[in-house]
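The structure appears below as structure tokens.
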């Protein structure tokens, strides 16, 4: 029988429930338990796929093509569990499912209500997502007290009652703000947050208290007294300069032991040797590299969360501190590329819409002409093809039809047909809905022998995750290849272009990929593409300093 750990948050949002859940998952996994994680989001969108990055941050894509919350990226990076569409659901999905059932007549003419129909659907989704795990960690998005979260909180309250205290554990994450004028941490917000939770019918078993300084023992005892939580289960979570230090911080306060005891689980001692090695690599780099991220969502770096984490992982595996410089592509359009001088490498990530595109193309041109290592991801690959077509192949008006439908040289166009991960044919048109209609999830790619891509991956065939609706136009690709562009990877069956590069005689490291390799990078193994990219940046740095 699967046991459940429910993680809620109080006082303010963005306290780090996702990191806390992922860190606990890492601890339980190190004790030999099979773990999975679920994220319940209270917004009414069916998924975050059409939400602005400024509103939601990154959209994390799973192997099965689900567009999900960025916390699922943390789950995969901290544990060996692979996420799927069963691991993230929203109020929109729950209500849509219930309404569809009502329209089919599944409720036999009954009045459909929040309780029991919505809460039953939530419980069903949780149990489906938790199948096969010893422990399922379920994170409830939002903050206790939000009206949107109430059906989710009621559902987990019912699960606590149905499954019993030996099979459920409730963790509440709160904030202890420091008031400079008083010179002390304040516990009252935590007390009121727990009071609100208890009014709903949930008594937390463990409190994780965020603070920017050590919480005095007397204050912890006070919190325990007023919240009805055991003193040893009032755990401080101090601000850390790296999220990868959190598992050890929680383990030192015996969080995993407290959870196992609450759930009546006999498990081996935790082995954190891998995490200690990773933190040591993070804290003792031998080099520093400067990499420019040229994008349009740089004011909210959460939009590139998996990318920035993938660069940190690559740094761990190359003994390097990777210093990311976020560059607004619109600023390049206004002021030129001088801001890129001195960079050891340039990366252009994915994105949507015309704003800032010419600035990205200017950055790509700078990287190509100055032999600066370049990695283009998704739109970053497409724009590398556009830049090559314009400045090398002589197609002066080359563009993507996403930005100029009337161009005479549409080197990038809408994908109208492709094979999904199950081999079924998917078709799209300009009139298709925006939500859930992209080429999504894990897709195979065959690499060309003798290419840099083949050398980097060390394999003839790979599977990477995708999220796009535009692709390189095969009808013009032969002209670009004749001018020196190398197609390093193609999708079998459809021959869609998946990777491009420049020959080593022209450029030491210039690679574009249509997929998103950042979604499969983790601190334990890194990702070969990012590791090679950082090594190329180091080589460029050493060449410049010679």
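Residue numbers in this text run from 1 along the chain shown.
Every residue, even glycine, has its Cβ placed from backbone N, Cα and C.
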Per Swiss-Prot, member of 39, 123, 131, 222 binding CTP alongside 13, 146, 147, 148, 186, 187, 188, 189, 190, 191: 222
Same-site ATP binder from 63, 64, 69, 71, given that Swiss-Prot records 14, 15, 16, 17, 18, 19: 71
Of 277, 465, 469, residue recorded by Swiss-Prot at the L-glutamine site of 351, 379, 380, 381, 382, 402: 469
Model confidence over the region 'Amidoligase domain' (1-265) (mean pLDDT, whole number): 94
Of the recorded positions listed as 19, 188, 378, the one whose CA lies nearest the CA of residue 139 (Mg(2+) binding site): 19
Distance, residue 190 (UTP binding site) to residue 469 (L-glutamine binding site) (CA atoms, angstrom): 46
Where residue 187 (UTP binding site) falls in three-state DSSP terms: coil
Closest of 17, 19, 382, 402 to residue 222 (UTP binding site), Cα positions, binding-site residues only: 17
Three-state secondary structure, which DSSP defines for residue 139 (Mg(2+) binding site): strand
